[in-house]
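Read the structure below first, then the notes.
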Amino acid sequence: MLLKRLGLAALFSLSMVGCTTAPNTLAVNTTQKIIQYERSKSDLEVKSLTLASGDKMVYAENDNVTGEPLLLIHGFGGNKDNFTRIADKLEGYHLIIPDLLGFGNSSKPMTADYRADAQATRLHELMQAKGLASNTHVGGNSMGGAISVAYAAKYPKEIKSLWLVDTAGFWSAGVPKSLEGATLENNPLLINSKEDFYKMYDFVMYKPPYIPKSVKAVFAQERINNKALDTKILEQIVTDNVEERAKIIAKYNIPTLVVWGDKDQVIKPETTELIKEIIPQAQVIMMNDVGHVPMVEAVKDTANDYKAFRDGLKK
């Protein structure tokens, strides 16, 4: 019963911060059981690949090897478990869900390039190693959306469709009022204390799911420990504009679904207007009373919208 009650909440918390070591062993062990339960429910197995750079990339994969590959890319501060819950609703596709370099259980080198093109190149190496680089569907949330755009722009002939969920990288649309004046010293996405983490949890989601404070504290410490790398990555991505690369998506007429929560405080919903201007073929869905992570806040609706989009590609 505990697993069912806390599954989504603990899963999201993990997706925002990762999970390695923490001071509260009981909380960590309990959360790991919850996460493993969710992965098992979605038929996901965790695997890893050593990249040409020598870095390790960890990823989750389901067992639907006959489905068309769908590469799902998490956002800043996240990891593969951002998509574990919704993976249960996307069982008709061959899911590949990585921890990006710098996040989750993948390597975290301080000297790496974490901009969209560099991350896209690493993901393409993963897909090539698995023999799945051709006829790929790609989707991403927030920073993962910007990386999805970069991936499609670098390898347009290999991409069958694109799914952008509250995507970053279209910076000329401006920032929401909630982030006006934010710097690396006061950005709510960078965690200096447990209190910062609690505020971030409520900031990112419009209706955050319940999670015990003791578990939050464990993950807060992880974010505190990772702050130096998080700061470096955030500094790189906030200046990494993908709008020119998005024009390649328009040029190749890659089918694109754009999904946004109308209560997103991290990246303004009006960004959809700019994306539609740059990528005219894009379909846009605005979700009511949803924040920055629709695939966590509105799992069923987000999955159904995506499946309808994919079904439309067959017509």
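Just so you know, glycine gets a Cβ as well, placed from its N, Cα and C.
The signal peptide annotation in Swiss-Prot covers 1-18. Marked as S-diacylglycerol cysteine by Swiss-Prot: Cys19. Per Swiss-Prot, N-palmitoyl cysteine is recorded for Cys19. Under the heading domain 'AB hydrolase-1', Swiss-Prot lists 69-296. As annotated by Swiss-Prot, active site applies to His74.
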Protein Cβ atoms within 10 Å of His74 (active site), excluding its own: 27
Averaged pLDDT score, the domain 'AB hydrolase-1' (69-296): 94
